[in-house]
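According to Swiss-Prot, the protein carries these features:
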type	residues	note
ACT_SITE	CYS77	active site, proton donor
ACT_SITE	CYS228	active site, proton acceptor
BINDING	ASN15, ASN68, GLY78, ASN79, ASN165, ASN201, GLU219, ARG220, GLY229, THR230	substrate binding site
Amino acid sequence: MTPRLSFHKYQGLGNDFILVDNRWQSQPCLSPEEAVALCNRRFGVGADGVIFLLPGQEGADFSMRLFNSDGSEAEMCGNGIRCLARFLQDLGIPGRDGAYQIHTLAGRIVPQVRADGLVTVDMGIPRLLAKQIPTTLVEPDEKVIRQPLAVAGREWRVTAVSMGNPHCVVFLEEEGSLEELDLAAVGPLFEHHPAFPERTNTEFVQVLSPTRLRLRVWERGAGATLACGTGACAVLVAAVLEERAESQATVELPGGNLEIRWDPSTQHVWMTGPALHVFSGTTAG
């Protein structure tokens, strides 16, 4: 049973999180097992993960930690950090021009709450070498672009990108195949494939045009979700690497759309999307 706890529920395109104000200590106030109980949609609050707002470190304003619904810890989460920025604003902490320097396990990330309520995030520079993903699909210092991967009795072509967390991107060539994909069956096979020693998030993508992509995602530690911010960023990067898309595109997810831009001059990836407060409460303890 989780201890008595004040919490705040937020969602970004249906990717939902329990936010905990944990600024009074440097470690999360819940164990991974307690986070699992809290995320349970029948016996707990229900969420894809628990996000802890922690004191800043290494010069950042604040720190963020995230336990997935299975108790594993994620290095970063694009939808989650947008929700954290909205949470900070709702706490009455304005930031500098609406921007916050957030320390994560993937490095420093800078979300900014815009005047129109959307949140734009500098997601940093994507990591493309196999050793940075990590994956054993190619040699450590090589990029993973359209490499063959055997899963569920067939060969898939995959491109791997790290946005601070690992992503395996699969472009589906046949019209209608995205909707017909049995994500619950194939997703775990990608996630736990031995070619990804730290497991992986997996995105299945249909290219609608050079500026519009549609995807479904299987998240490492959370399963099928309505949206994945780092996944949307990884998909655009992979689409550019495979010469399927321009450097700025709308990414359609089951929960809604994100605007993603890969700046050719700085190599930084920028994500813009919503983050909304759903409700606040206190657990019984």
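Each residue, glycine too, has its Cβ placed from N, Cα and C.
Keep in mind it's a predicted model, so treat the numbers as computed, not measured.
All features noted in Swiss-Prot, drawn onto the structure.
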residue: ASN15; record: substrate binding site; CB count, 10 Å: 31
residue: CYS77; record: active site, proton donor; CB count, 10 Å: 31
residue: GLY78; record: substrate binding site; CB count, 10 Å: 31
residue: ASN165; record: substrate binding site; CB count, 10 Å: 27
residue: GLU219; record: substrate binding site; CB count, 10 Å: 28
residue: CYS228; record: active site, proton acceptor; CB count, 10 Å: 35
residue: GLY229; record: substrate binding site; CB count, 10 Å: 29
(message) Quick check: in three-state DSSP terms, what is GLU219 (substrate binding site)?
(response) strand
(request) Quick one: pull the CA-CA distance for GLY78 (substrate binding site) versus CYS228 (active site, proton acceptor), whole Å only. (result) 7
(request) Work out the three-state DSSP category of the residue listed as 'active site, proton donor'. (result) coil
(message) Name them in sequence order: residues not among ASN15, ASN68, GLY78, ASN79, ASN165, ASN201, GLU219, ARG220, GLY229, THR230 whose Cβ is within 8 Å of the mean position of the Cβ atoms defining the substrate site.
(response) ALA74, MET76, CYS77, GLY80, VAL217, ALA222, THR225, CYS228, GLY231
(message) Quick check: in three-state DSSP terms, what is GLY229 (substrate binding site)?
(response) helix
(request) Whole-number Å only: compute the distance from the Cα of GLY229 (substrate binding site) to the Cα of the residue listed as 'active site, proton donor'. (result) 6
(request) Looking at substrate and its recorded binding residues ASN15, ASN68, GLY78, ASN79, ASN165, ASN201, GLU219, ARG220, GLY229, THR230, figure out the farthest C-alpha pair and report it in angstrom, whole number. (result) 17
(request) Could you measure between CYS228 (active site, proton acceptor) and ASN15 (substrate binding site) for me? Cα positions, answer in whole angstrom. (result) 7
(message) Under a three-state reading of DSSP, tell me whether ASN15 (substrate binding site) is helix, strand or coil.
(response) strand
(request) Using DSSP with the three-state reduction, classify ASN165 (substrate binding site) as helix, strand or coil. (result) coil
